[in-house]
Amino acid sequence: MECALLLACAFPAAGSGPPRGLAGLGRVAKALQLCCLCCASVAAALASDSSSGASGLNDDYVFVTPVEVDSAGSYISHDILHNGRKKRSAQNARSSLHYRFSAFGQELHLELKPSAILSSHFIVQVLGKDGASETQKPEVQQCFYQGFIRNDSSSSVAVSTCAGLSGLIRTRKNEFLISPLPQLLAQEHNYSSPAGHHPHVLYKRTAEEKIQRYRGYPGSGRNYPGYSPSHIPHASQSRETEYHHRRLQKQHFCGRRKKYAPKPPTEDTYLRFDEYGSSGRPRRSAGKSQKGLNVETLVVADKKMVEKHGKGNVTTYILTVMNMVSGLFKDGTIGSDINVVVVSLILLEQEPGGLLINHHADQSLNSFCQWQSALIGKNGKRHDHAILLTGFDICSWKNEPCDTLGFAPISGMCSKYRSCTINEDTGLGLAFTIAHESGHNFGMIHDGEGNPCRKAEGNIMSPTLTGNNGVFSWSSCSRQYLKKFLSTPQAGCLVDEPKQAGQYKYPDKLPGQIYDADTQCKWQFGAKAKLCSLGFVKDICKSLWCHRVGHRCETKFMPAAEGTVCGLSMWCRQGQCVKFGELGPRPIHGQWSAWSKWSECSRTCGGGVKFQERHCNNPKPQYGGLFCPGSSRIYQLCNINPCNENSLDFRAQQCAEYNSKPFRGWFYQWKPYTKVEEEDRCKLYCKAENFEFFFAMSGKVKDGTPCSPNKNDVCIDGVCELVGCDHELGSKAVSDACGVCKGDNSTCKFYKGLYLNQHKANEYYPVVLIPAGARSIEIQELQVSSSYLAVRSLSQKYYLTGGWSIDWPGEFPFAGTTFEYQRSFNRPERLYAPGPTNETLVFEILMQGKNPGIAWKYALPKVMNGTPPATKRPAYTWSIVQSECSVSCGGGYINVKAICLRDQNTQVNSSFCSAKTKPVTEPKICNAFSCPAYWMPGEWSTCSKACAGGQQSRKIQCVQKKPFQKEEAVLHSLCPVSTPTQVQACNSHACPPQWSLGPWSQCSKTCGRGVRKRELLCKGSAAETLPESQCTSLPRPELQEGCVLGRCPKNSRLQWVASSWSECSATCGLGVRKREMKCSEKGFQGKLITFPERRCRNIKKPNLDLEETCNRRACPAHPVYNMVAGWYSLPWQQCTVTCGGGVQTRSVHCVQQGRPSSSCLLHQKPPVLRACNTNFCPAPEKREDPSCVDFFNWCHLVPQHGVCNHKFYGKQCCKSCTRKI
């Protein structure tokens, strides 16, 4: 007990932290030495060698000697090395193991049971140096255990017994790693153990780097296979600098990306069509599985890691680490039953083709993910997750060592292409890195990054390797991310039981041959990305440049995969673009895929376009192969029924879309402009209404737009395509003169004539009257003339060139058809319309000279047997149409109404249909299901500061709308994991300058009334000193004030003392003399010291006369000549004021021989005025109006902005404005 107490004193209590400084370490060392000395006599009495528990030199690691015990804790043996060598029977494999040892002042009893970390069909494959594959059946399957510590319900243990104990031990308060004691570490501490004992080192994560220094390889022991003492000193020496350099820096799980590297795409990650393909049967939801979820894991160790540990030891080491990972995923804080099962281990003695591994974690992971996606096991069986373990010191953003430990795609689990991680080997702590990176694959984000969990809580998903008192667990945020992932179909691969993968079949093609550069760009930048085709991109074998949006290409500075085509008959090999050569692939000619389904019609009426398309990807042309012959699209007209007469022209609709978009800073109303060259008919030209300019708003109109009015031809992909009268694309079928498609004019009767009459100029003259129903109308002058053709109705309404106003050439719609008016300087005028017209028209000529002759012709349908040809009578029927649902969820309605159709395709007025047959319609209920719950944020609170950065908060509420009800609050768990921001910064602008007051000085008097002062500075928001002129708008605080520290004690030596009399005011005759009463004290030398009168205010003044008459001598009776005249002054009068500066006056007379005289010299006259009481008057006390207060915390800013006169601000900020005044 004495030893245990000493040991407890040597180690700080939980949570107290390590000893600070060298002195602290020294105290611990001394205490430990003392402990060992005290315990020497009782060590033999402890069954499990308790002295080993005190053999460490600090609180991060101790030496222990485990012993095997039975379930009751009774000693069995010190020999714990046989457990991994004996082949166990099935019965033994199911039995439990017990070990016991002392550490950190307590007895630990481990109760262990076999772990299910390995699949029943687990195999090890070795890829040899010549590319050969070797399959091994490991003999270590029965030495991996998991369990707990007796008397600690929250503990967990995951260890390997293959060569001593190696693994993870987690207690309620701490987390330890255990492994056999390295010989060098024992030698350094001059530690030895009795024969047959097998000492181990139990250490915290903080000591991991130090422990690894003393190993030939991580996980090796003192006398175990693979241990080579001759190699250890060299290894220790070579890693000494590395340890000290990396001990503080190597703390990040996922590294930090340099600022110039691009951010990941914001859109959804690109997924190939077979990314989550099932194996033939539908998969259940992982989130609803009643059994545990199995992560069938492939582990790959690279060449550096195999060399580092040795081929004979690396398997045991890796499986020990994976057993620890399994234990971490079984921790109760994860909230789900996750079983990590290793189905296969691949050891790389050299890198296979297409797999590049170096310091650059991002590039290495990209290469590994591509490589492992092509691995296929027995019967096409695939693993769920692939883990790459590397001996490289990796870095997330450069091909040099740095502080990265692992790298992984977010939410990649179960994906064929993204369920993969890279992890740097750091010893047994590697288990935490693997658990962290696999957590990312499960969709987990770092704690504290976009979620409410704190970064430094000691959780597995913290950004850095810092535990909470050494304990790592899963945070509530990680649980939520995992729960969300398991509820998606993507997680379906985890539901099935582990199956035999067998030996993997390695791909016979390089990754770049399987996935071209466009696909690699999609993986990196999203579904819209493709290989950049800009000229500056030179070598994709060094950096793959991709194009996503706009005229900008971007890169993640990762090379294209091995085997990617980089030029004509060239491909990427080892970062170089080289010619195919003899080993290069043979040309593959492209073949078309199957035709797609028909697309939606581009128009709902008036003749739209739909298409089918196919792709030249079955296979794609590669390595100089030919592209597929023929077209990738076929088009067909659709919805050719005419639109309503009142509907807007299709081209006009497209122009109108730009009405709400600013054009060069202004908004216009746009109309179609069609007076363009023939080759520009399929561009969208629009004219600004009421302005004389037009503009090409788009390089091509929408598919199905007519090339020209009243023509069948339509625009498709910016090209005018021929359409026959039979409404077939590419058809040359035309209508005859009477409008019969593919007709021969046999149903037409033609009329024609010539008008040659001459008339007087500047008058309209009729040429021909053409009846309604006419077709193929053509009016043309025979020669060029100065006259003009005109058209009017029978009611004198002019459609063309009326009122002596000449119209420009162009198209003029009237009378049910469109007339094309042609006029040029070298060709005769011409009018043409296909018809039919719906009214009788009068064609005239506005005569301007000689009439050269006007030819006219038109056609009318023939009359059969006295009646025109029978026309089909239109049929009018009711049809039901319905709108879209009014809402997407929460219960809405579909409006249903009946419309009248002519011939089942044209909507007409309802009066054409029979009211008796009109169907009854009523709204339909739709989308009557609850909407997804969402976060409804409240209003932001008032900012906590008026300037210099404050905070404001708001409440959020999880609400949900149920069918036909108002939104109501629901449980927060129903809303998305990510919540809207609840706290935000506000009023970040700098505060205006303010007066800054220093502390008051000491009072100038220790008793009685004194004065104290303080310093005043003008300071800005950053506490910098500014000129006082910038603070003049603010009230200037007082710099001096009176102070009284206490009343002075009475001085018994003070007394009123009368001064000596003054001289008599007259030199002869009657005069006056005065004396003063002064507050005085007689000093030690007998001299009087005068004080202010207030010091004697408590002493009664003696009742003495202070003024009396005097008479030096009598004035002579007769004038005495030759006596000099002098000035005589009377006493000063009382001051006019008591403070602030007043005036005193007195009388001065010139006297000679006792009589007034004028003989005195004026420049000698004494002053008759003088200043008095010049001291400052005390400021009057202001009586503040109790109703004059500030209602807002920003009121002090109102005087600074000079708005106190404003009615609102002056009233609401009365106090601040009063101070300003």
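Backbone N, Cα and C atoms are what each Cβ position is placed from, and that goes for glycine too.
Fair warning: this is a prediction, and the values are worked out from it, not measured in the lab.
Summarising the annotation, Swiss-Prot assigns region 'Disordered' to 258-291.
Annotation source Swiss-Prot lists domain 'Peptidase M12B' at 293-498, citing sequence analysis. For the domain 'Peptidase M12B' (293-498), the mean pLDDT of the prediction comes to 87.
According to Swiss-Prot, the feature disulfide bond maps to Cys369-Cys420 (among others), an assignment based on similarity to another entry. DSSP assigns Cys420 (disulfide bond) to a strand segment in the three-state reduction.
Swiss-Prot lists Cys395-Cys402 (among others) with the feature disulfide bond.
The disulfide bond feature in Swiss-Prot is assigned to Cys414-Cys493 (among others). DSSP gives Cys493 (disulfide bond) a helix state.
For Cys453-Cys477 (among others), the entry in Swiss-Prot reads disulfide bond. According to DSSP, Cys453 (disulfide bond) is assigned to coil rather than to any helix or strand. For Cys453 (disulfide bond), applying a Cβ distance below 8 Å and a minimum sequence separation of six or more within one chain yields Asp447, Asn459, Ser475, Ser476, Cys477, Ser478.
Sequence annotations record features per position, and here Swiss-Prot assigns disulfide bond to Cys521-Cys546 (among others). For Cys521 (disulfide bond), the same-chain residues lying six or more positions away in sequence with a CB closer than 8 A to its CB are Ala529, Lys530, Leu531, Leu544, Cys546, His547.
Of all Cβ atoms in the protein chains displayed, 20 besides its own lie within 10 Å of the Cβ of Cys532 (disulfide bond). DSSP assigns Cys532 (disulfide bond) to coil, not to a helix or a strand. Annotation comment: Swiss-Prot describes Cys532-Cys553 (among others) as disulfide bond, evidence class similarity to another entry.
The secondary structure of Cys572 (disulfide bond), as reduced to three states from DSSP, is extended strand. Around Cys572 (disulfide bond), the same-chain residues at least 6 positions away in sequence with a Cβ under 8 Å from its Cβ are Gly512, Ile540, Cys541, Pro559, Ala560, Ala561, Glu562, Gly563, Thr564, Cys566, Val578. The feature disulfide bond is assigned by Swiss-Prot to Cys541-Cys572 (among others), with similarity to another entry given as support.
Feature annotation from Swiss-Prot assigns disulfide bond to Cys566-Cys577 (among others). Secondary structure at Cys566 (disulfide bond), taken from DSSP and collapsed to helix, strand or coil, is strand.
Of all Cβ atoms in the protein chains displayed, 19 besides its own lie within 10 Å of the Cβ of Cys601 (disulfide bond). In three-state terms derived from DSSP, Cys601 (disulfide bond) belongs to neither a helical nor a strand segment and is classed as coil. The feature disulfide bond is assigned by Swiss-Prot to Cys601-Cys638 (among others), with similarity to another entry given as support.
For Cys605-Cys643 (among others), the entry in Swiss-Prot reads disulfide bond. Sequence-distant contacts (6 or more apart, same chain, Cβ under 8 Å) of Cys643 (disulfide bond) comprise Cys605, Gly606.
Summarising the annotation, Swiss-Prot assigns disulfide bond to Cys616-Cys628 (among others) and lists similarity to another entry as the type of evidence. Annotation note: Cys616 (disulfide bond) sits in a coil segment as assigned by DSSP.
What Swiss-Prot lists as region 'Spacer' is 750-876.
According to Swiss-Prot, the domain 'TSP type-1 2' annotation covers 931-990.
Among the features that Swiss-Prot reports, domain 'TSP type-1 5' is placed at 1123-1178, with the record citing sequence analysis.
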Task: Most Cβ neighbours inside 10 Å, all chains, among the disulfide-bonded residues Cys402, Cys541, Cys546, Cys553, Cys577 - done: Cys546
Task: Surrounding CB atoms that lie within 10 Å of the CB of Cys493 (disulfide bond), all protein chains - done: 24
Task: Secondary structure composition of the domain 'TSP type-1 5' (1123-1178) [DSSP: H/G/I, E/B, coil] - done: 3 helix, 19 strand, 34 coil
Open item on the list: Across the domain 'TSP type-1 2' (931-990), what are the DSSP residue counts per state (helix, strand, coil)?
Closed with: 3 helix, 21 strand, 36 coil
- [ ] Taking only the Cα atoms, work out how far Cys532 (disulfide bond) lies from Cys577 (disulfide bond), in Å, as a whole number.
- [x] 16
Open item on the list: Spatial neighbours of Cys420 (disulfide bond) among the disulfide-bonded residues Cys395, Cys414, Cys601, defined as Cα within 10 A: which are they?
Closed with: Cys414
Open item on the list: Just to verify a number: CA distance, Cys369 (disulfide bond) to Cys601 (disulfide bond), in angstrom, no decimals.
Closed with: 42
Open item on the list: If you count other C-beta atoms within 10 angstroms, which of the disulfide-bonded residues Cys420, Cys566, Cys628, Cys638 is the most crowded?
Closed with: Cys420
- [ ] Tell me the residue counts in helix, strand and coil for the region 'Spacer' (750-876), as DSSP assigns them.
- [x] 0 helix, 66 strand, 61 coil
Task: Neighbour count (Cβ, 10 Å) for Cys477 (disulfide bond) - done: 23
